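Data first, discussion second: the structure below is written as structure tokens.
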Amino acid sequence: MAATSFSPLLTLTTQSQPKHNTKHPSRTGSFRQSKNMKEVKQLHAQVTKKGLSNRRTSGITKLISLCAEIATPESLEYAKKAYELFEGDASNIVSLHMLNSLIRGYSAAGFCDEAILLYAQMVERGVNPDHYTFPFVLSGCTKGAAFLEGIQLHGSVVKLGLEGDLFIQNSLIHLYAECGEIDFGKKVFDKMSERNVVSWTSLICSCTRRDRPEEAVSLFFEMVEAGIKPNSVTLVCAISACAKLRDLDLGKRICAYIGQQGLNNTVLVNALIHMYMKCGAMDRAKSLFDECIDKNLVLYNMILSNYVHQGMEREALAILVEMLQQGLQPDRVTMLSALSASGQSGDFAFGRQCHCYVMRNGLEGWESVSNAIIDMYANCGKQDLACRVFDRMSTKSVVSWNSLIVGFVRNGDVDSAWGLFNQMPETDLVTWNTMMDAFVQESLFEDAIELFRVMQSEGIKADKVTMVSVASACGYLGALDLAKWTYSYIEKLGIHRDLKLDTALVDMFARCGDTKSAMLVFNKIQNRDVSAWTSAIGAMAMEGNGIRALKIFNEMTNQGVKPDAVVFVAVLTACSHGGLVDQGMQIFHSMKESYGITPQIIHYGCIVDLLGRAGLLSDALDLINGMPMEPNKVVWGALLAACRTQKDTQMATYVADRMNESAQERSGTHVLLSNIYASAGKWTDVARVRLQMKEKGLLKVPGSSSIEIDGVIHEFTSSDESQPEMTHISLMVREMSSRIGDSGYVPDLTNVLLDVDDEEKEFLLSRHSEKLATAFGLISTSPGTPIRVVKNLRMCSDCHSVVKLVSKTYGREIVVRDNNRFHFFRQGFCSCNDFW
């Protein structure tokens with residue numbers, strides 16, 4: 001950022017360096033006219049030959065002073081030798097001015113240790129430092145970030161009674177600010193009886209650079225109220241603080257003072273444009289940019305970078321073309337933005353041209369540029385080219401490896417990313433976070449959790465990005481114990497919880513069926529965005545609490561948060577699961593009328609599901625036929641599922657025919673249709689559908705359920721007898737059937753979709769995965785402990801009836817999450833009210 005890179009050091013040094021001509025009024029002679037070391041050496045030789053012994057001290061002092069002003073390693077070495085020769089003569093008396101000059105020279109050149117050593121020698125010789133000494137040696141400490149030495153010097157200042165000197169105070173503020181100890185500098189500032197523009201500017205700039213922009217802006221306005229006129233450096237830092245705050249109104253207030261300075265300062269113009277862009281005032285920034293007469297490379301790079309960060313890739317590339325037309329030659333900073341813009345826009349042709357430019361101008365040696373090229377090719381789907389660039393790199397840092405891994409993940413090749421991860425000579429937190437997120441995106445949730453455990457064993461400290469992935473994995477697994485541990489882990493380690501992590505935690509608890517904890521987290525979120533509200537509404541939808549979901553939605557809109565398309569999916573789903581037909585239809589119509597959001601196909605799918613669950617199949621079909629877009633498999637699938645619930649085989653056949661006309665074949669469609677026929681006892685039709693599936697190579701997804709016991713997730717598949725505990729599980733299933741049979745349970749054999757005898761049907765029904773998981777929960781946990789089961793498919797009506805009775809018979813709370821919603825079974829009742 002141009003504005004923050006501008007250092008007030010030059011200004012501070014100029015104003016804090018006292019002039020010595022009043023203290024040493026002797027004439028400078030011809031030394032003052034010398035401009036380089038060659039002339040200095042010649043004049044020194046002439047003075048020596050003339051043997052002006054009575055002016056020896058004065059001449060050496062002037063020589064050292066001039067060498068210090070030149071402040072190159074050669075001039076300082078020459079000055080040091082002259083000083084040592086002079087000091088070696090016992091008849092000579094070393095002057096304070098001579099030492100001050102040497103310290104000033106070393107400090108100006110950035111030789112901190114030498115400056116501090118000279119100060120120490122001065123004190124050892126009994127030469128008392130004065131108010132000229134300390135600004136010079138403190139400047140050296142500032143450049144060398146010598147905080148501890150600076151504190152010791154501060155103590156010496158106090159002892160010598162010089163703490164009231166303005167130049168010394170400014171030097172101390174600058175030292176503490178550059179060492180990141182702003183509060184120390186603020187204490188010095190608060191005790192000052194007199195403050196000038198340098199005092200204020202030092203503190204303002206340090207607050208801006210150290211991510212304390214609110215303080216920087218506050219100090220700026222205090223300065224103005226105190227009657228101190230800001231200079232260009234002050235304005236640049238204050239404007240940069242507004243950019244960090246993204247506060248356009250504050251920026252405009254500060255701009256009112258720019259009229260006093262004029263806009264002829266290039267750095268100030270850069271800062272203004274940057275501030276406008278950060279605050280989203282892109283038109284104002286572009287207008288100011290266009291008004292610039294003297295546009296340099298720094299300005300072009302700055303506006304390019306901002307365009308890229310704002311997602312305005314096309315505008316960025318247009319600026320690059322303009323820059324080339326102006327005859328400016330892009331540097332590596334330019335190419336980083338250009339490559340990023342090419343990758344984000346997917347413009348492979350332009351990105352390749354950028355790569356060629358990099359090669360022609362020898363910029364590939366910069367690792368950051370090569371990494372940007374890798375990222376560009378990966379974004380454009382050219383992973384093979386990204387690998388070639390990576391292979392040609394002479395030195396590969398962890399960032400290079402990470403760039404390639406991110407590319408593989410982005411292009412859906414998680415196996416290659418994992419292979420590369422295992423080859424890395426060194427990893428960092430970004431590497432681990434990338435792989436965990438990749439596993440979550442690929443639904444490899446257990447792998448993500450296992451990777452997190454390995455990461456912990458490696459001693460790598462997690463951050464908020466890590467925990468978003470872990471929370472997502474816990475949520476999808478429905479592992480409540482692990483979810484609670486995750487929350488405690490975040491609290492214990494003090495991991496910063498931003499809005500994204502808090503939203504992930506709400507979603508995690510909601511998916512684990514713990515809506516109470518989800519809402520506790522949600523209620524503590526400050527400045528909720530639409531995603532946070534969506535997670536809370538989604539929690540209520542999964543629980544089937546449509547009324548509460550609608551209240552949260554209304555609360556969101558009353559607080560001025562504008563709903564987006566995603567939140568409408570959540571609230572319509574809640575209405576569907578809660579049987580709130582009228583409310584759902586009202587919200588659906590309000591999307592366009594009240595919020596200007598055109599319903600998408602997913603919203604139509606929600607309404608079809610809403611009408612279908614309520615038994616309004618004809619209305620649902622009419623809605624589909626009147627859709628402004630072609631219905632997809634999700635919309636038809638919702639109606640087909642409703643046909644099964646309502647046992648309408650005629651409409652089911654019609655819907656299945658419509659679905660078969662689409663290009664994509666889904667096994668779920670055939671399975672659902674087969675189930676509908678089986679429920680109606682139409683075994684010929686069942687056989688026909690199953691034969692079609694076989695001919696098309698479509699496989700039925702087996703029903704599976706999982707349960708977490710003591711942090712370990714156990715998975716069960718329907719009719720799978722391979723579980724190690726199957727003998728005990730079978731006995732418990734038999735006991736369950738016997739005990740609930742006494743309560744009036746009769747197996748619903750229509751849920752067995754095979755043409756076999758009733759005894760075989762009863763056995764197959766008893767081997768449904770959620771029954772096996774529930775039985776395992778009963779034998780593996782203490783009486784009264786809640787049982788939580790996660791199923792991959794929709795729960796069948798027989799299992800629903802069984803679990804209701806089991807919850808009452810065994811006095812257990814049983815939570816089942818199927819692929820539609822949560823079912824909370826307590827004392828023989830389900831939270832869905834048998835509507836799912």
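In case you wondered, yes, glycine gets a Cβ from its N, Cα and C as well.
These figures come from a predicted structure and were not determined experimentally.
Annotated features, as they stand in TrEMBL:
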{"type": "COMPBIAS", "residues": "1-19", "note": "compositional bias 'Polar residues'"}
{"type": "REGION", "residues": "1-35", "note": "region 'Disordered'"}
{"type": "REPEAT", "residues": "95-129", "note": "repeat 'PPR'"}
{"type": "REPEAT", "residues": "165-195", "note": "repeat 'PPR'"}
{"type": "REPEAT", "residues": "196-230", "note": "repeat 'PPR'"}
{"type": "REPEAT", "residues": "296-330", "note": "repeat 'PPR'"}
{"type": "REPEAT", "residues": "397-427", "note": "repeat 'PPR'"}
{"type": "REPEAT", "residues": "428-462", "note": "repeat 'PPR'"}
{"type": "REPEAT", "residues": "529-563", "note": "repeat 'PPR'"}
{"type": "DOMAIN", "residues": "744-836", "note": "domain 'DYW'"}
Go ahead and report the DSSP secondary structure tallies for the repeat 'PPR' (428-462): helix first, then strand, then coil.
26 helix, 0 strand, 9 coil
Using a Cβ-Cβ cut-off of under 8 Å, list the residues of the same chain that are 6+ residues beyond the ends of the repeat 'PPR' (397-427) and lie near it.
367-368, 370-371, 374-375, 377-379, 381, 383, 386-387, 390, 434-435, 437-439, 441-442, 444, 460
Where else in the chain does the repeat 'PPR' (529-563) make close Cβ contacts, counting only residues six or more beyond its ends and a cut-off under 8 Å?
499-500, 502-503, 506-507, 509-511, 513, 515, 518-519, 522, 570-571, 573-575, 577-580, 583, 587, 595, 597, 817, 821-822, 824, 831-833, 835-836
Where does the mean pLDDT land for the repeat 'PPR' (529-563)?
92
Summed over the repeat 'PPR' (165-195), the DSSP helix, strand and coil counts are 22 helix, 0 strand, 9 coil
